[in-house]
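> Sharing the record's features from TrEMBL:
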| type | residues | note |
| --- | --- | --- |
| DOMAIN | 394-506 | domain '1,3-beta-glucan synthase component FKS1-like' |
| TRANSMEM | 548-567 | transmembrane segment |
| TRANSMEM | 618-636 | transmembrane segment |
| TRANSMEM | 648-667 | transmembrane segment |
| TRANSMEM | 709-731 | transmembrane segment |
| TRANSMEM | 769-796 | transmembrane segment |
| TRANSMEM | 1522-1544 | transmembrane segment |
| TRANSMEM | 1579-1597 | transmembrane segment |
| TRANSMEM | 1604-1624 | transmembrane segment |
| TRANSMEM | 1691-1715 | transmembrane segment |
| TRANSMEM | 1797-1817 | transmembrane segment |
| TRANSMEM | 1860-1880 | transmembrane segment |
| TRANSMEM | 1900-1921 | transmembrane segment |
Amino acid sequence: MLFPRSLNLVPLFIGSAKLTPISLPRAPLSLRLLSSRHRVLTGKISDKEMSQVEDLWERLVRAALRRERGGTDAHGRLATGIAGNVPSSLSNSRVIDEILRAADEIQEDDPNVARILCEHAYSLAQNLDPNSEGRGVLQFKTGLMSVIKQKLAKREVGSIDRSQDIALLKEFYKFYREKNDVDKLREDEMKLRESGVFSGKLGELERKTKKRKMVFATLKVLGDVLEQMTKEVSPEDMEQLIPEELKRVMESDATMTEDLIAYNIIPLDSMAIANAITTLPEVRAAVSALKYFRDLPKLPEDFEAPTTRNPDILDFLHYVFGFQKDNVSNQREHLVHLLANEQSRLRIPEEIEPKLDEAAVHQVFVKSLENYVKWCSYLVLQPVWSNLETVNREKKLLFISLYFLIWGEASNIRFLPECLCYIFHHMAREMDEILRQKIAKPADSCKTQIGVSFLDRVISPLYEVIAAEAANNNNGRAPHSSWRNYDDFNEYFWSLNCFELSWPWRKTSKFFLKPKPRSKTLLKSGGKRQGKTSFVEHRTFLHLYHSFHRLWIFLFTMFQGLTIFAFNDGVINSKSIKEVLSIGPTFVLMKFIESALDVLMMYGAYTTARQMAVSRILLRFLWFTTASVFIGFLYVKSVQGDEAIYKVYIFVIGIYAGVRFFISLLMRIPACHLLTNQCDRWSLIRFLKWMRQERYYVGRGMYERTVDFIKYMLFWMLILGCKFAFAYFLLIKPLVDPTRTIVVMNNLQYSWHDLVSRHNHNALSVATLWAPVFCIYLLDIYLFYTVLSAIWGFLLGARDHLGEIQSLDALQQLFEQFPRAFMDKLHIQLPKRVPEHPFSEALGTSKGDAAQFSPFWNEIIRNLREEDYITNLEMELLLMPKNSGNLPLVQWPLFLLASKIFLAKDIAAENIVSQEELWERISRDEYMKYAVVECYHSLKVVLTAILEEDGRTWVERVYEDIQKSIKDKSIHDNFQLNKLSLVIPKVFTLMGVLKGVETPELESSAVKAIQDLYDVVRHDVLAVNMREHLQTWNLLSKARAEGSLFAKLNWPKDPELKAQIKRLCSLLSIKDSAENIPKNLEARRRLEFFTNSLFMDVPKAKPVQETMSFSVFTPYYSEVVLYSLGELRAKNEDGISILFYLQKIYPDEWKNFLARIGRNEDAQETELFNSPNDVEELRFWASYRGQTLARTVRGMMYYRKALMLQSYLERIAAGGINAPISCNDMMDTQGFELSPEARAQSDLKFTYVVTCQIYGKQKEEQKPQAADIALLMQRNEALRVAFIDNVETMKDGTVQTEYFSKLVKADISGKDKEIYSIKLPGDPKLGEGKPENQNHAIIFTRGNAIQTIDMNQDNYFEEALKMRNLLEEFNRDHGIRPPTILGVREHVFTGSVSSLASFMSNQETSFVTLGQRVLANPLKVRMHYGHPDVFDRIFHVTRGGISKASRVINISEDIYAGFNSTLRQGNITHHEYIQVGKGRDVGLNQIALFEGKVAGGNGEQVLSRDVYRLGQLFDFFRMMSFFFTTVGFYFCTMLTVLTVYIFLYGKLYLALSGVGEALEDRADILGNTALSAALNAQFLFQIGIFTAVPMILGFILEQGVFSAFVSFITMQFQLCSVFFTFSLGTRTHYFGRTILHGGARYQATGRGFVVRHIKFTENYRLYSRSHFVKGFEVVLLLIVYLAYGSSGRGAISYILITVSSWFMALSWLFAPYLFNPSGFEWQKTVEDFKDWANWLFYRGGIGVKGEESWEAWWDEELAHIRTLGGRILETILSLRFFVFQYGIVYKLHVEGSSTSLTVYGLSWVVLVVLIILFKVFTFSQKAAVNFQLLLRFVQGLTFLIALAGLSVAVAVTTLSITDVSASILVFVSTGWAILSIAAAWKPFVKKLGLWKSIRSIGRLYDAGMGMLIFIPIALFSWLPFVSTFQTRLMFNQAFSRGLEISLILAGNNPNTGI
């Protein structure tokens, strides 16, 4: 029986029907089915309910069938069939899927057999999961039954006789073989393959191969089903039921399906002959090396191994340790790939039986286990081998295999590289013991109750404790110090204490102690927990000092020294020297602070940290405590006049400074490092090194070679020299005299009640003077760094030849140098097999170079055309001839020669006296000369080819006369050159006729044309003396007169000759110059950059076979893959669709696209919608212009295309093809993409994996992204997609979820085919999403290198040609260590959309080019800042991966890869001869969110152990480089803003206290030059001037001075300074808030096209706390200072002092609306106000989001304040607002001159009264529903009393209107302080029952702030010209490219079809 007896299927299968695949819909009905699932499984469902379930399925199926008749699914795609919906929870889903696919294939041939296959598939599913416990199994099985029932219901005959099923299958098997002529199919394919891949039949071979695979795949399924059905019916009679002949045929057919077994790159389980990769000698050698060897114990007989190959060493490890089957298969291919590529680089001659070289094995062994060896050395352990030299090749392969099998199944444990070393160490010992015993048996460490499993016994225990800790971090909101992250777990294995875990795991160890779940209310975890390992990430700004204390000590002591020197008037004497020596106590005091921070920062790890580390911290604390007391005591005594003590002090300080300087100097010499390492055996040396620097596993040996050290030392010495000169002369020295004056002032009158300023020499006044100056002192070092690094980067770029080709003119002028440069840099020289040209000696090598260069250049041009950047005509002009013919010259592209013939003709027609002068005039333009020479020779070749006898004689005679005339220099005498204008049209006419296909009419036209040419030449041009060859001319004249001279022509048929005719015709017809070809700016930019890079320092390329292999790796979540037609046509609120927008942005590319698909360029897009192919092309065209995955995939697949082309041409040149090849074929690249050998070589070198984390879920939910990803796989056969599959199973009555890491590719039927499925220990997302996504899929990457590419990037074919050059950088000298990360330049392709996009693009470009250029050389601190850097793959996967993933702390995951690489003795370089495209955010909100994410990430970096260790372990100068290029940049940004606050609050103190007025009266102190210098420096930094310096120099370098000047001025007119100032606030807010409170998170900025108007409410929500509140605070400060502090200095003085602050405040308040599309359009302004009012007064509630309600948003804004420390800090910061009230109340006229505290007290009384009034007027209407009348009466009476009281006060007292206005300022600031403090202590305020009142006050403040911003916007909106001006301001650059943005923004859409 095929089905269980419990299922009565007889009624189901009646009649016959044609089986058609359908896709079951995901309708709401299915949700009702799911609700019944548990009851079905547990037997708790009645027959009636079961009937209802079946009825629901019937309805689902009918819906599916209705949709099937429509032909498409819900997303407008073709139905995919039930074959694509087999649930992954079925363990044998692959087999079921194959059966159903075969049923789909044969349904047209025999529906009855298709029915048999479907029934068998159901039987398999039923046997695998009888109770339908797996997720989706019940739906699948019921759906399959229903589909079959629907189909069979259409049968016209009666019942089905299932006893005939086997017979039917046998007969159909034979029929199917005969129908497809299987034997001939195989023979035809083999003939095509043997005929040579260059036979021009590559497309046919591809089709034959695909058909053969599909046919044999179906035959395999039919045979398997037949065998299984026969076994089920009668196993003992199986031999009789299947005839022997048929069995032999089936076995023979089965051998043909070996290459159909799922594989990734190399079919190792089949080694199919059809795949050329298996024939490569290096692959065969690698496979052979992994075979079972003699010393391996024999595997048991019952061990299952594929019949298609012999067991190997990985099978042995699989059996012993219980690794998963697919993990073994994956790592088998991984190892073969690694070994084969290493072998290919050794240049070993090919052998009949290739063997793997020992050097290749050793290289892979050393590279793979280098970290393990270092780990053993660090822990003073003996590796598992006693002596490496005695380890043979097979043992090395065993060790490599074991390590990678562990790594491949380690899941999240891959983030713990030293834990993997520990595991490998013990498992290798176990393996050695088994080898010693020579008995294959399961390892004890991996045994389970049911077998052997590495995952369950080794990985799962580790995963469970890590997952428990991760679950306890409260989704990242818990303090970092309260839970263990990945680094904590890994660093446990940095000490010998890890061996207490034993082997197998001792799970009672504290290491495995899991924390109890965290309380939701208290945010605390209860019970015992294991503490941090060696570092605790406390959330505090003190980390900046702790990590970089050397910098701060240096700056503070230098400031102290310079100040002392300034106060001594620059005089050097004993007094000044003694005072300068006070830096000694300062130094030890700051060291004491550092040691105290060591003690504090280790809190939380004392119980778990290594005792030696704790001892060091305490010893250092005691040492510096003692030292600070002792040094301080000595200095105090010496100051008091004790000379003896002074000498002792000098001696101590001198010895200490000398020793530190000497040690630091020695440490700069690499040899000294080695010497000190050798001296570690001496206890004293070891103790001193230990005290000086903590010894970690990472961070050892972080020094550079002496030359590099000197370079970056001189760089910083120059910066420090400028910085200290500026500080001394412009900051410190000007403040000396004012300070002296202030200090001695007595009896200053204070206008308030002074509490702290008396009898302390006016310390606060001095502080207000010095504080902003000191801030600038700390800040200006970054300013000098910015300027010097820009200059240095400019010089480096100029040295590297960047920007030498800046225009088309330069490109054209240098074009003739490109072939030679290309051959020198990017290509392998062809050997002598290239046929020698008879004129090669005269031509040199240029023609050979041009011939080899042309295929690459032409492929670049064709790709530009395919991408629609150029027109067909431009492509023809840009293409370069093959240069493989007999012309004795180089043929250049037509765009260089266009119109040159006509210019030369005009020159020849002039009255030029000599031939030399004529040739000199022509030769001034090289390409004119080339055009003339080419026409001359080409015409001769063409005429000679088409003419016979007499005609050919005429040609030879004329050309001989020309040559003789040239030789005799008598061309003017013998030829009438002014008559050339008659010749050219005749030649053009002839060539035009010859271009056509031969017909009698055309032949007669050609004869007529050549006769006319003869007549013109004979009678008008020739003036030669014919008497020398009179007989010849007479014969020609006679033949012409008789009409026989050109009676018969040889019509041109040779393709090369026809191409030459066509080219000659073009040369003689193009009269317009092609100087502006191509016209598209992007095409120009790409060609200019590519050709410029040919002259840069590029490593010499190696042959493709010897190239390093590499992978490209792209993480993807749920972003746009491919725009759907609906998305393209959907209109936004302005009536604009994406398609319409793209048509206007890229009008030329749209026309090119229409031409490419065969449409008229004026065609409407609606005409395309009727053609599925055109719709698909349209979707791709639009997607390639957005930031989509499709664009990224296309770009990255260019690597494969480039490698195929390079390999193809190299194989031809090297004689790799036996078939005879013509010279023409050698340069013909047509079909190179179909060459099996080229494809095999490229697949061995390149792999592309896109890790689509939720692809499985998207498929299950039928999301459009899943179908689009599948489409990308179909279009790109080398694309691999990795994803995490969640499989739900029912075990013991509970649903359990299992997680699998899977890899799929497109199969022959166009659907995705599973390659590997590796079970994970649990949910892999324990940390940050992106690095976890990368980590699960990195096991599927291959090669020696891996390029990380984000999904908003692009690549270009011409850049892909340079990838193998870039990979050679790994073998170049880049310092004391080889490179581990190669930095790659980016081009930001989104800069042309708007001014904001341009600002972002320019800023980003300057950093990724000029900035990173300097970071790499000379500073040696370049990190990994994201994509598209290229990693040394083996180095990084054995050291924790290419990113870090701990929750929140590693939110900027990319840069930690750079930190990790540097700490582990890596080397990061930067290279600019290759570039990758990059998309960036283009709207202000997108940009702000992105910058907020990066700033928040930097805030988390401040807390991290990586930054701490780098700050501690770098030498001083490299440490400064690291600080100012990472967290220091954000600190300086924040300090810039703080300088404004410090300055203004200082002014506020002077103004309100009355001291400022007194000081101005006594001395002109406040306007000194120091303060001016400080403010000017701050202002320049604030508005982005210093940020713009690198940008300007970058423009000059790559665009030229004039273009740079224009670009900079344009940016200023577009208000770039406003943008940079606004960004300053963004970075400051998020950086500071993250360090104080946390809350950094991934921001989904969106990568769409931003031209929509952003509502006022949305902007207010986003920027209220980050910009608006701070902006209003600055405005308040400025108003108060204007009112009370600037009266005596005049308006000009006030403006000069405060202009920068006003600029910053206004930028923060209005930039979001200034850069908002249609921000000043009246109608939108009105709508915005209504929307804002609705949002402001809409009451929040459960489930209401911040976008909908002010209350919900306010709660979200306060969510980051969670900790007690955070609340205290917020309270302290809020206290500053009380200063306004305290100062201003004493300035009121009503108080007179009183300074009593009573005045201040009365102000609080007034404030309380105002709060009561506010409460009365805002009393809840809902609460007063029963006494509404009374409430209104009280409110009215209160209002009248308040108004009367105010009037009386004004009339009776001295209270003035000014006082009232001032009071408003007072109470606004005090109210905000109260509000901020109450919000910080929200839980306690709620308990007091005051929260509703506080919330009402908060709403009032936001309403007031919103109105103050909105009113100016409304006023400007009322003026019509403002909106036009703003549109021009925002989209100016797009206007210059023809962008009709005004039309777009107005919504005036002529595209009515959308």
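Yeah, the Cβs are placed from backbone N, Cα and C, and that goes for glycine too.
TrEMBL entries are annotated by machine, without manual review.
Quick one: where do these features end up spatially?
Per-residue confidence over the domain '1,3-beta-glucan synthase component FKS1-like' (394-506) averages out at a pLDDT of 92.
Residues 576, 579-580, 582-583, 586-587, 590-591, 593-594, 597, 724, 727-728, 732-733, 736, 774, 777-778, 781, 1511, 1516, 1519-1520, 1523, 1528 of the same chain sit 6 or more residues outside the transmembrane segment (548-567) yet have a Cβ under 8 Å from a Cβ within it.
A Cβ distance under 8 Å defines the sequence-distant neighbours of the transmembrane segment (648-667), meaning residues of its chain 6+ beyond its ends; these are 581, 584, 631, 634-635, 637-638, 673, 676, 692, 703, 1515-1516.
Sequence-distant contacts of the transmembrane segment (1522-1544) (same chain, six or more residues past either end, CB-CB distance under 8 Å): 544, 548, 551, 771-772, 775-776, 778-779, 781-782, 785, 1411, 1415, 1419, 1421, 1423, 1455, 1495, 1498-1499, 1501-1502, 1507, 1510-1511, 1514, 1574-1575, 1578, 1581-1582, 1624-1625, 1627-1628, 1631-1632, 1670, 1674, 1677-1678, 1681, 1700-1701, 1704.
Long-range Cβ contacts of the transmembrane segment (1604-1624) within its own chain (Cβ-Cβ under 8 Å, at least 6 residues beyond either end) map to 1395-1396, 1398-1399, 1402, 1484, 1487-1488, 1491, 1533, 1536-1537, 1582-1585, 1587-1588, 1591-1592, 1595-1596, 1667, 1703-1704, 1707-1708, 1711-1712, 1714-1715, 1929-1930, 1932-1933.
Counting same-chain residues at least six beyond the ends of the transmembrane segment (1691-1715), those with a Cβ under 8 angstroms from any Cβ of the stretch are 1395-1396, 1484-1485, 1537, 1540, 1543-1544, 1567, 1572, 1575, 1578-1579, 1582-1583, 1615, 1617-1619, 1621-1622, 1624-1625, 1654, 1656, 1659, 1662-1663, 1667-1668, 1670-1672, 1674-1675, 1677-1678, 1681-1682, 1909, 1912-1913, 1926, 1929-1930.
Remote same-chain partners of the transmembrane segment (1797-1817), defined as residues 6 or more beyond its termini with a Cβ less than 8 Å from a stretch Cβ, comprise 753, 1781-1782, 1785-1786, 1791, 1834-1835, 1838-1839, 1842, 1863, 1866-1867, 1870-1871, 1893, 1896-1897, 1900.
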> Same chain, outside the transmembrane segment (618-636) by at least 6, Cβ under 8 Å from its Cβ: which residues?
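For the transmembrane segment (618-636), the list is 581-582, 584-585, 588-589, 591-592, 594-596, 598-599, 645, 648-649, 652-653, 691.
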> Give the nonlocal contacts of the transmembrane segment (1860-1880) in its own chain as ranges (CB under 8 Å, at least six residues past its ends).
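Non-local partners: 1676, 1679-1680, 1683, 1758, 1761, 1766-1767, 1770-1771, 1773-1778, 1780-1781, 1784-1785, 1787-1788, 1803, 1806-1807, 1810, 1846, 1850, 1890, 1894, 1897-1898, 1901.
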> Could you put numbers on the helix, strand and coil content of the domain '1,3-beta-glucan synthase component FKS1-like' (394-506), residue by residue per DSSP?
80 helix, 4 strand, 29 coil
